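So that you can see what the record holds, here are the features copied from TrEMBL:
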- A:12-41: transmembrane segment (TRANSMEM)
- A:61-79: transmembrane segment (TRANSMEM)
- A:91-110: transmembrane segment (TRANSMEM)
- A:116-137: transmembrane segment (TRANSMEM)
- A:149-168: transmembrane segment (TRANSMEM)
- A:197-214: transmembrane segment (TRANSMEM)
- A:226-245: transmembrane segment (TRANSMEM)
- A:251-271: transmembrane segment (TRANSMEM)
- A:283-311: transmembrane segment (TRANSMEM)
- A:323-343: transmembrane segment (TRANSMEM)
Amino acid sequence: MRLERRAHRPLFLVLVSPLIAVAAALAIAGILIAMAGAPVLEAYWRIVTGAFGTRLAATETFTRATPLILTGLAAAVAFRARVWNIGAEGQFYVGAITVAALGSSTLAALPGPLLIPTLFAAGALAGMLLMLLPLWLRLRFSVDEVVTSLLLNFVAVLFVSLLVEGVLKDPLAFGWPQSLPVSERALLPKLIMRSRLHIGLAVAVAAAIIVHLLQSRTVFGLRTRAAGLSPAGAAFAGVPLGLTLVKVACLSGGLAGLAGAIEVMGVKGYVTTDLSPGYGYSGIIVAMLANLHPVGVIAAAVFTAAMFVGADGMSRALGIPTYIADVIVSLSLLTMLVALFFTQYRIRR
Amino acid sequence: MTTVLALSGISKRFGDIIANENISIALRKGEILALLGENGAGKTTLMSILFGHYTADSGTVRVDDVELPSGKPRAAIRAGVGMVHQHFSLAPNLTVLNNVMTGTEKLWSFKSDTAAARTKLLGISQRFGLSVNPDARLGDLSVGEQQRVEILRALYNDARILILDEPTAVLTNIEAERLFSTLKEMAKQGLSLIFISHKLDEVMAAADRIVVLRGGKVAAERRVGETSKAELAELMVGHRVTRPIRDAATPGAVALEATGVTVRRGGVDRLKDISFRLCEGEILGIIGVSGNGQAVLSHLVSGLAEPSIGNIRLFGEPLANLGVRALIESGIGRIPEDRNNEGAIGEMAIWENTVLERIWTPAFSKYGLVNRKAGIAFAQRIIGEFDVRGGRPTSRTRLLSGGNMQKLILGRNLHVRPRILIAAQPTRGLDEGAVAAIHARILEARKQGTAVLLISEDLDEVIGLADRIQAIVKGRLSPPVAAETADPRMLGLMMAGEWLQSEEAGHAS
Ligand SMILES: Nc1ncnc2c1ncn2[C@@H]1O[C@H](COP(=O)(O)OP(=O)(O)OP(=O)(O)O)[C@@H](O)[C@H]1O
Ligand SMILES: [Mg+2]
């Protein structure tokens, strides 16, 4: 028995591989649930109902999926060009804090239709700038951006913490470290009344579609792919390598920054240092589950969000720790890597 | 004589392409067998099956009358089969000794027995006259030396059957001769060899027996004594091939001129004070032993390197911006030496590779949107016009055989006649029929006024095509000689750098 590289990746396999991966992850996690002494099928059923069973649950799942779509896109566009942006978490936070600073300032007096787009742009810009630093270090000094973008996450979170306990601290928050709230007028309209679900979801879905069109239809998309697959080949064909990577880094950092901006304006209205339960890191898993495809990112983000939201319900009903959600999501990353491998290779006897 | 290797009834399909069909070949002890065939005839596929990289759809491989399990390179190695790939599989950052040892050590032993390995390696290199320095870093070696290491690695694994896939494609004539005398010595000592080649001269000189593949089938089998180059060429292609002959022409205006150009990279002068002048309707051949600066020279005129000193004039205008796009816009076609790394991106579709370097032209994109249909149609035309076999415009480029990928690269450059053509090793790895076709194309372009800079290690090619010839040695260019006055001996001296010595002597006096 041995592996042989496939001439073509069958489209069918590419489409079903994430499903198989998820099924495998659920099967393995099922063993853990059984070991914890709970009925496996019921546990999974509880996750499904916990995530989608009621109006409240479903809107909560999609609210959680919104930032994951954007951070997932951030990772997907970067990885496609072999720019290893592990810094979406930090870019999320600088996007968020920028929006909090501007949205609570005199800028909030801007006319309504201008205010929200301006804040979106500001958040995205902040994320972009934070990603440009690691990219510059890579282009200029060949420093690996995996390390620098990752470490910048801690810098960014500490910086945010400095601000929310300092100049941006909300004096009305009974001493809690939280930022000034953004103006009422900067809050995103709800998508569904009496829920937390806001129009940020529509923005995220639109972003996924735009990224997809950008990658599949444009010169930028073609060049990015060339630069990612073979820098020497791309350079020979006249692809401006540095510029292309700068654009990719801007897009990636911008999407992560936008995620932070939307989270502030859509959900909380202010920034705390626990605004993100690791959205930036989960975005990497989302991107991998989606096979780096922007439209697939939407589905992968909803799946991941559903696991986290649903696990709460299951935990309450069956007394299994909610950590099982983390286990399932992480396992599905591993099984997805295996599944991806088999879309490229086949087993021969 | 005993049969050491028997392939019987091997068939292999890739989708709807039949790469091998019912092939049976036997190899005897101490024999050198040459495998010939057009680009895409299935030679590499057959050897990959023999070595276990691919699994055959049907058929068996027997070594010493024992059937090899299919698809297991380790089993093949253990049975004494060694393979030297067309693209070397060595690690450039390791030493020769480490490269030879990798893959033979047990994964779970922490200690590696370097001393014993060194003794064994030196023993082998002495026995076959393959001298190497075991402690040299592989990346510092020339291509010919790297290949020697590949062979040593196979021998280190006690290979008794050695397979070489186009071993001479990257070697100079001298290196190739040395390789074949080594191979003959190995055969004399009882090893059995199979080599793949497109060069009929060396096949006639080195092989005992020749198998010709065509369209995935064995087309003929001949002993060397009973055949001729002409017959082999005909067997391969199915009809007679003759290389086209250059007829006299008067060159036009100067198209490309370099004066006193030095290119410095990493503190080293890769090109030193070179000058040349290339006219419209003329072919200037640059000959030289590989590794003497050809790569930098072709980068320089392809827009990938800039002169540190000196200047370049394009159609009489000083060239300020040497970018790839500027060059392409002014009508320069470029065929890179390294087709796998620079010429094409294997994971991209064939059509994407044909349009990538001119994606900005209105024919292929508008407002930043790619015109996929036009790209596919363009690729389809090139596939038809240049006889690229084995792929559709939407299939991945890496699936093309080496020669067919080269035809694709040539096609995208010659499809619209370029004003200047930079051709670095344009026919490396091409079969005789394809070489003739490409030469005809280049001569045709010359006739219509294209200025061609031909950088090649193949002397026959340069003599056949070039009007004037310069040699490149250690980053310097010799003064040009007219092709009419050149003979192989004189060119050999030029490549050895004889003019350099007299030049230096001239400076000293
Ligand atoms: N992995 C693969 N998937 C699909 N088609 C393949 C694959 N490998 C080879 N082919 C096809 O099989 C045919 C034979 O290819 P092969 O590489 O054996 O040719 P070759 O005789 O070595 O040619 P060349 O002289 O150009 O190297 C070609 O048409 C090629 O496109
Ligand atoms: Mg081949």
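The backbone N, Cα and C atoms fix where each Cβ goes, glycine too.
Just so you know, TrEMBL annotations never went through curation; they're auto-generated.
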(message) Should anything in the same chain at least six residues away from the transmembrane segment (A:323-343) have a Cβ under 8 Å from its Cβ atoms, list it; otherwise answer none.
(response) 6, 9-10, 13-14, 17-18, 20-22, 24-26, 28-29, 32-33, 43, 47, 282, 285, 288-289, 291, 303-304, 307-308, 310-311, 314-315
(request) Using a Cβ-Cβ cut-off of under 8 Å, list the residues of the same chain that are 6+ residues beyond the ends of the transmembrane segment (A:61-79) and lie near it. (result) 51-52, 85, 88-89, 91-92, 127, 195-198, 200-201, 204-205, 207-208, 211, 215, 224, 248-249, 251-253, 255-256, 258-260, 262-263, 266-267, 276, 279-280, 282-284, 286-288, 290, 292-294, 297-298, 300-302, 304-306, 308-310
(message) Using Cβ atoms and a strict cutoff of less than 8 Å, what residues sit near the transmembrane segment (A:149-168) while being 6 or more residues removed from its termini?
(response) 84-87, 89-91, 93-94, 96-97, 100-101, 104, 130-131, 133-134, 177-180, 271-273, 280
(message) Before we move on, state whether the transmembrane segment (A:197-214) and the transmembrane segment (A:12-41) share at least 3 Cβ pairs under 8 Å, counting only pairs 6 or more apart in sequence.
(response) no
(message) Give the nonlocal contacts of the transmembrane segment (A:116-137) in its own chain as ranges (CB under 8 Å, at least six residues past its ends).
(response) 74, 83, 85, 87, 90-92, 94-99, 102-103, 107, 110, 143, 145, 148-149, 152, 156, 182, 186, 188, 203, 245-246, 249-250, 252-258, 260-262, 264-265
(message) Suppose I define contact as three or more CB-CB distances under 8 A, residues 6 or more apart in sequence; do the transmembrane segment (A:283-311) and the transmembrane segment (A:12-41) meet it?
(response) yes
(message) At a C-beta cut-off of under 8 Å, are there same-chain residues at least 6 beyond the transmembrane segment (A:251-271) that contact it? List them, or none.
(response) 63, 66-67, 70-71, 73-75, 77-78, 83, 85, 87-89, 91-100, 103, 116, 119-120, 122-132, 160, 164, 168, 170, 178-182, 186-188, 196, 198-200, 203-204, 207, 211, 214, 279-280, 283
